[in-house]
Amino acid sequence: MYWLLFLFFVHFLRHGLCDTSTRSNGSGTMNPAGINITNSTYMNATWQSNSLSHELAVRSQRDIMSNITIDQVPFPGINLNSVLFHKAFIVNNNGSHLPFNESIAFEYFQNIMVYGAQSFVVDIEVGMNYSWVLKETDVLLSDLLIQMRNFISATNNNLYGNVLMLLLRVDPTIKLASARNKTIYNSRLNFTDDLFNKFPNLNITGILDNTIGRSFIYTPSDFLGTYDPPYSIDNSTNFWPTLGALMYGRRKRLLAMEITNSFDALESNYIFTNHNLTYDVGNVSISCPYNRDQFISASETTFKFLEARYTKSEVEMYSGCGYSPMIANRFDSANITALIDLLAPAVVWSWAVGQPILTVSVPRKTSDLVAENCAAFNFAYNNFSANWFVENCYSKKRALCRSDKQIFNWTATNVKDSYFEMDGYRGETKCPNTYSFSIPRTPLEQRSILLQFEASQFNDDTLWIDLNSISVSNCWVSGGSYASCPYQRAVSTRNFVAMMVPVTVCSFVLLMMALYFSLFRIPIYDNRYNWRRVVNNYSKTEVDGVPS
């Protein structure tokens, strides 16, 4: 009986208070289910699993961009041929090169996706067996896509899901070996239905179908078939869906685009042509926006990528200019972990390093009001930078406000107050007329704030922004102090008491009944010997046999 009561309480506490699908890797960090990102070492390179703060930062950025059209969402990524899939990638402890091992490269590829890289440019060519392979390797494109499918399947939930970009750079030249003299002849293929029928391994549509799966791919026919309403706050005049509509409405996880111009849309109806993106390579003249008109113009350009060999400061700068950096630096198995530091400013463009800090319990003896559940925008004038930090919601600060008419116009409130007084929930807002309490939702918007504050000689300050984890700790949402967490059910103190009272009363009654039956036994059960004697005496009076 006591064990039943105990199990009942455990079941209630586990399933009645929290509704979450997170899974722990056993080391205190939350990782996508099914993806092995435990610390792995190979040739002096150790890849550390993500910290919980990093995962919260990436998730909060994704969520605040849910109303941004996908062509304006940053997709930081890498050139797979330069970073992983090249003949000099595998080295031993002495620095000597070893034969290429694609299983090791695939392991790091999974780790890079888990860290937060979202776009991958792949140089492909036709191999000797008329199959698509990564250029200058024997790695099949289909094997690479299977790795992407495994990641998509393992992260196909609201906690870890995100959209990936596959960018194909196609070399249409095929190298044919003569059987007689082993001479290599070059021939340029014309991709037609007849060629695909003769060599099905060259049919990109079929490869994507058999690896990723049609249900996960957002195709040109999806784009042309139905238009999602432009719920975004940017000035884009196109009809690309918002990130939220693509992920949660259509449940799509991959866009495939071609950088070159080898495929006709009719032969590959799963791939967007290069007319849908801006892809620059190397030391090109890149202009960053500096005024409102330039910011608006930048926001009207779809899918801007810049592939180059970067430094960390350049990754941060070009991210702020509205580009998705495509890192083409050469790495090997000994220094591949340095890619994390290079990707970091693009993967987490908002929060400071180590932020958001995890919410901890507040000592009960304190007399001050403390709630470390609100985000603040920390502007530094001298080094032209800004990062987000977790602050006490009851602290008095000014707030960041966005113009209701011009999305790249910003200001700050004149008065300082707690976070709870800034969102206008009580009918009053501290922001000026035609301005609203807001938050920068892309690196481009964050850069517009920096330039505007710099031009107005705005002093170093920390401003409230529309982001908090008030409803559920460590679940960061925008929409004011009463915004709810989509991943957990929040239970207030009042509701918790209301839920616990009937359970406690019922449990107390059951406990009293158990005590009663254990202390005051039934008389017949307690006097078993006397009862057995009465039965035996009665049996003696009965007549044996059949009466005559």
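Every residue, even glycine, has its Cβ placed from backbone N, Cα and C.
Cross-referencing Asn409, Asn537 with Swiss-Prot, the residue annotated as N-linked glycosylation site turns out to be Asn409.
Looking only at the glycosylation sites Asn94, Asn101, Asn129, Asn276, the one with its C-alpha closest to Asn335 (N-linked glycosylation site) is Asn94. Distances between the Cα of Asn276 (N-linked glycosylation site) and those of the glycosylation sites Asn94, Asn101, Asn129, Asn409 are shortest for Asn409.
Closest in space to Asn101 (N-linked glycosylation site), of the glycosylation sites given as Asn94, Asn129, Asn409, is Asn94, taking the CA atom of each residue. Look at the glycosylation sites Asn94, Asn101, Asn276, Asn335, Asn409 and count other Cβ atoms within 10 Å of each Cβ; Asn94 has the fewest.
DSSP assigns Asn129 (N-linked glycosylation site) to coil in the three-state reduction, outside any helix or strand. Asn94 (N-linked glycosylation site) and Asn129 (N-linked glycosylation site) have their C-alpha atoms 36 Å apart, to the nearest angstrom.
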